[in-house]
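*Asks:* Here it is, the structure, as structure tokens.
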Amino acid sequence: MAGWFSSASPLDEQIERATASSLEDIALNLEISDLIRSKGVQPKDAMRSLKRRLENKNPNIQIATLKLTDTCVKNGGTHFLAEIASREFMDNLVSLLKAEGVPLNSSVRDLMLALIQDWAMAAQGRMDLSYLGETYRKLQMEGFQFPPKSAISGSMLESSAPPEWIDSDVCMRCRTPFSFMNRKHHCRNCGNVFDAQCSSKTLPLPHLGILQPVRVDDGCYAKLTSKPFNQGSLADRSTFKNNSITKSNVLEPRAARVESGFDEDLRRALQMSLEEAQNKSSSGYVPQPKPAQAPANTQPQPSTDEEEDADLKAAIEASLRDMEEHKQKYAAALKNNTSAESSRETPAAASLPKNPYELSPVEVENIHLFSTLVDRLQHQPPGTILREPQIQELYESIGALRPKLARSYGETMSKHDTLLDLHAKLSTVVRYYDRMLEERLSSAYSQHNLGYGPVPGGAQYPNIYPSMPSTTAEVRPGAENFYYGNSGVEPPAPARTPYSQPPLERENGVVSSSMHPPLQQPSSGPYWNPNNHSIASPQPNVNAFNSNNTPYPGPGAPSQFYTSSAYQEPEKLFQQPRQGEPESPYQPSPVTNRDSYYQSAGLPSNPVEQQPPVDHGQSPGHAQPADSRSSQSGQPKATEPSAQSYYLPQEQQQQQQQQQQQSAQGTGYQGYPQGNTNYQAPYGGDVSPISAPPPVQYQQPAAPRPVVEESLIEL
């Protein structure tokens, strides 16, 4: 037998017998294809035998050979397809088509072109069969007329073939190594290698085209021998299906017994829906009893040989009973509603046909049922819809509802648009209402802030800006008031407490920059010199400042704490409104002991008594220059800041600046009556002749003008 499989002559004989008769021998063709698929012959030898048979001059033999080749292509396996798609076979077909001597028969030519086209269409996407497509496109370009194309799936060329044999040094089941005594054997079903003990069974493999018993291993034998029981159960289930209502002859998968229950359920639902659609009335539908369904439910039961089928049927029957109960309840409720509506007055009865295009519950249920059936039919065999006339009737009844459904859909869309417009209007109204509430709330906050802010003096602020002098004239009137006994400005100073200004300046963002006067002092001093000549006597101080040639003069000098004109303006702004206001709570602050540098010696005795003695401990360096100024009342004021800037050490000046910054950043700034008289009150006296409303407090420093000039001449 091995020689019969190895030689090609028996195959040639079979091919001759298959192609010799005028009629096609389908059985012999399938036998040859099974022989090729089972690898009983080499695929290349089979291809060459067919090629030699095609060279026969008889057109009938050529047609029979082409049909045999097509059968082998569809059932011979992948290994034979590779040989058919080789250049050796395809070029032979092309040479037959282009034969110049004796022309090819038209029938043979048409069949050959049709087969080439079908093979090329089925082999699309497979690289190992790409030459089929190339040959097909080449013939198209050369002008050969192919028949019309037909939809061919790639599964046409798929066929089961024996697997390729796998080599190994040990048994792939018991892991025993092979030796001279322990020979290796291949399983024809899986292709693995086993020893004699693990592969002693033999079985025919018809699914691979092997009809003779061949060697298989124990695992494949167990799998293949267990199939007949499954096949028997499948046969029983197929008989059960044949006895059912469907009478379907189409082969179904293994899970068909579960799908059969769904088919019966769908069939019952179809019958119920059709009867309801036929028997429906204006007052709704009334479900009628269906005694004919009982035989349909009881017929499959005798044929159920398994418990699973019985359980499935019981579940289906329970679901059907529940469905019937729900439908009866719904019908009773619908009857009650319709009877109640009919017993009402005529206007109420006339309002019922208000919406004639509204779908009834029966129509809605039929539409949903039809959609469900269509979805399930997609997974059924193609001929199922033709065997179910009830589906066609349901389709026709639903098709008549299409205009009604379109009108109902249009009305629903119009209602939707109306509701959207109303929603937009409501959103606009709510937005306007929120805006109105926000405006009211903001106005309430503004009124609340007006009651607590420095509003009464706000009108006086614009009048103060043009009269701001330089920083050098800031403290000199205070010094003159002390030296020359002009106490007219000092009494209101404790009541005003101008040092409450730094917190306000800090709110406006001025304190941080006012603590560093040397950056703006050179520019602000000359800018206010002309005004200072006309108002008071600050020019000598400016000259003294210029003569010092120190970019950072002694901060301990009273005239240099607020040197920049840009920072004096806010001081003036907040100073005058507080002249008329009672500032008594700002006086007793203990912060005055920290930064009043010139209180102990440079001021009258009354303010000194009000302050604690801690001030003298903190500013001893400042008390001495103040004493010198009190003793030298006839000296010019221009020499005072220069003297402090020269004689005070740089460390003391830095300490004084730090103390000034701390006092300006503190929350109090309230207890500086004496320090403020040294800085702000006299400074306001220099400027007040032009802009300040209270003239009494600021016109007094004008008296010592000649004295200052005389003292400058004496210096």
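Cβ from N, Cα, C; glycine included.
Fair warning: this is a prediction, and the values are worked out from it, not measured in the lab.
Sequence annotations record features per position, and here Swiss-Prot assigns domain 'VHS' to 16-147 based on sequence analysis. Annotation comment: Swiss-Prot describes 165-225 as zinc finger, evidence class sequence analysis. The feature domain 'UIM 1' is assigned by Swiss-Prot to 261-280. What Swiss-Prot records for 291-302, 650-662, 697-706 is compositional bias 'Low complexity'. According to Swiss-Prot, the feature domain 'UIM 2' maps to 307-326, an assignment based on sequence analysis. The compositional bias 'Polar residues' annotation in Swiss-Prot covers 510-551, 589-609, 627-647, 663-680.
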*Asks:* Restricting to the domain 'UIM 1' (261-280), what is the model's mean pLDDT?
*Replies:* 69
*Asks:* Tally the residues of the domain 'VHS' (16-147) by DSSP class, grouping H, G and I as helix, E and B as strand, and everything else as coil.
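*Replies:* When I sort the residues of the domain 'VHS' (16-147) into the three classes, I find 96 helix, 0 strand, 36 coil.
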*Asks:* Would you mind splitting the domain 'UIM 2' (307-326) into helix, strand and coil residue counts from DSSP?
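*Replies:* So the counts come to 20 helix, 0 strand, 0 coil.
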*Asks:* Looking only at the zinc finger (165-225), what are its DSSP counts of helix, strand and coil residues?
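*Replies:* Helix, strand and coil residues of the zinc finger (165-225) number 11 helix, 18 strand, 32 coil.
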